[in-house]
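Listed in TrEMBL for this protein:
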DOMAIN    26-445  domain 'Major facilitator superfamily (MFS) profile'
TRANSMEM  21-42  transmembrane segment
TRANSMEM  62-83  transmembrane segment
TRANSMEM  95-115  transmembrane segment
TRANSMEM  121-139  transmembrane segment
TRANSMEM  151-171  transmembrane segment
TRANSMEM  177-195  transmembrane segment
TRANSMEM  255-272  transmembrane segment
TRANSMEM  292-314  transmembrane segment
TRANSMEM  321-342  transmembrane segment
TRANSMEM  354-380  transmembrane segment
TRANSMEM  392-415  transmembrane segment
TRANSMEM  421-441  transmembrane segment
Amino acid sequence: MEEQLLSSKGNKFPVGTSCSTSVVLSTCVVMCGSLAYGFAVGYTSPVQSGIMADLGLSIAEYSTFGAILTLGGTIGALVSGTIADMVGRKVTMWIMDLCFILGWLSIIFAKSVWWLDIGRFLMGIGAGLLLYVAPIYIAEIAPKSIRGGCTAAFAFMIYFGFSLMFLIGNILPWRTLAIVGIIPSLVQLIGIFFIPESPRWLAKIGLDKEIEASLQYLRGKNVDISLETAEIKDNVESLTKLSGSRYLDMFDRRYAHSLIVGLGILILLQSGGTDAISSFASSIFIKAGCSASFATTTMGFIQLPFAAMGIFLLDAAGRRPVLMVASAGTCLGNFLVGVGFLCKDYDQMSQLSATFVLVGILVFAIFFSMGVGGAATTIVSEIFPINIKGSAGSLAIVCNWFSSWIVTYAFNFLFEWSPSGVFFMFTFFSGLMILFVAKIVPETKGRTLEEIQASLTLLN
């Protein structure tokens with residue numbers, strides 16, 4: 001049968017593609033964004049000496065250049081939900097790509113620190129948009145049987161981008177490396193023309209024909225989509241009757257469970273030390289007496305196979321078991337690092353310090369990449385109803401960025417005060433994540449988004 005071309009808001013996509021191929025294609029396009037983000041995060045480590053020498057930057061100026069990504073990310077997160085609800089998931093990703101592209105161009109042609117800071121800030125805005133819209137889009141298009149794996153693949157590409165940038169950054173000059181960094185955003189900018197809009201967003205704005213066209217493309221031309229279409233429309237209609245779309249609606253009592261789960265997971269995720277450890281791994285290893293270059297390279301690459309494993313675990317074992325086991329692993333890793341630094345205070349055990357710290361950080365990296373990051377991203381992308389997804393999702397990502405900033409900013413001060421104490425603090429919050437998931441977080445494996453959100457929404 002000849003392929004039909006249906007259009008939605010000027011976008012054409014083929015109906016005659018199988019479900020798996022369509023979803024995989026769409027997910028791969030979105031994963032270019034996570035690769036771009038991984039490149040942005042990993043860029044500052046290998047190029048520090050080159051940029052500082054070429055442009056005459058001080059340590060303070062370079063620290064600002066590295067940290068300003070977080071400020072841009074907070075601003076991007078604040079507006080991400082509103083933009084995604086107003087113009088759609090695809091257009092939001094276009095805006096995100098433009099931020100990354102303009103940011104990289106600013107760095108490529110930089111003649112002063114201001115050009116560097118402007119470029120890094122723009123990439124931060126793109127990252128803030130990305131961390132909201134990309135997981136949401138994947139969750140809204142993927143069948144329930146592979147939704148967890150597709151979202152975990154998004155997290156995997158961040159680790160891959162970070163590690164790849166670290167590797168090639170030791171070979172290429174900083175301007176050339178920035179040219180490499182721009183490639184994923186250019187690929188995604190083109191790829192977005194060939195993927196459909198989210199059927200759930202289309203339902204929210206009342207485009208019934210486009211919903212069916214999008215679902216048919218995603219599920220396959222011979223698949224009966226009538227039940228899924230009806231479920232999506234009924235869910236959106238019932239939620240619209242419950243409330244409007246005001247920003248403060250998310251604080252209504254009926255959405256309390258969803259909001260607590262979403263905010264709690266991301267705040268505990270950052271409080272467990274993930275961004276602090278990633279940002280200051282070299283100084284941690286040096287303080288312990290390890291070889292920083294060997295340890296950080298090992299840490300970067302050991303994450304990849306375990307992050308790949310997490311793609312399959314989320315749909316095979318479920319989100320809750322993976323998140324609890326992985327959190328237990330990060331708890332153990334932090335505890336070992338704390339013990340390692342405690343050993344430095346005792347002459348008889350000081351020679352064990354480096355071993356404990358290296359093993360602890362690697363254990364943390366393995367379990368975080370295997371489950372904590374991917375499971376947290378997946379759950380947060382699934383739990384918010386469509387009528388508050390923009391506001392609640394934005395708030396969750398803002399909390400993630402703000403918690404990251406607090407922990408990262410405070411880490412050096414706490415680390416100087418007590419190296420073992422700060423890691424025992426991380427151990428406490430990692431352990432708290434286990435209890436939080438066990439008591440409050442629902443299992444979302446094998447359920448449609450409508451089923452998940454209905455179970456979390458109080459209707460009385």
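Cβ from N, Cα, C; glycine included.
Within its own chain, the transmembrane segment (62-83) has Cβ neighbours under 8 Å at 40-41, 44, 48, 51-52, 91-92, 95-96, 99, 113, 116-117, 120-133, 389-395, 397-398, 400-402, 404-405, 408, counting only residues six or more beyond its boundaries. Outside the transmembrane segment (392-415) by six or more residues, the chain places 67, 70-71, 73-74, 77-82, 84, 128, 131-132, 136, 250, 255, 258-259, 262-263, 266-267, 269-271, 273, 275-276, 279-280, 283-284, 287, 380, 384, 421-422, 425 with a CB less than 8 A from a CB of the stretch. In this chain, the transmembrane segment (292-314) does not touch the transmembrane segment (21-42); fewer than three CB pairs sit within less than 8 A of each other, excluding pairs fewer than 6 residues apart. Recorded stretches compared: 151-171, 177-195, 255-272, 292-314, 354-380; the one with the most Cβ pairs under 8 Å to the transmembrane segment (95-115) is 177-195. 292-314 is the stretch from 151-171, 177-195, 255-272, 292-314 with the greatest number of Cβ pairs below 8 Å to the transmembrane segment (354-380).
Within the chain carrying the transmembrane segment (151-171), a Cβ under 8 angstroms from the stretch's Cβ atoms is held by residues 27, 30-32, 34-39, 41-43, 45-47, 134-135, 138-139, 142, 177, 180-181, 184, 296-297, 300-301, 303-304, 307-308, 310-311, 313-314, 369, 373-375, 377-378, 381, all 6 or more beyond its ends.
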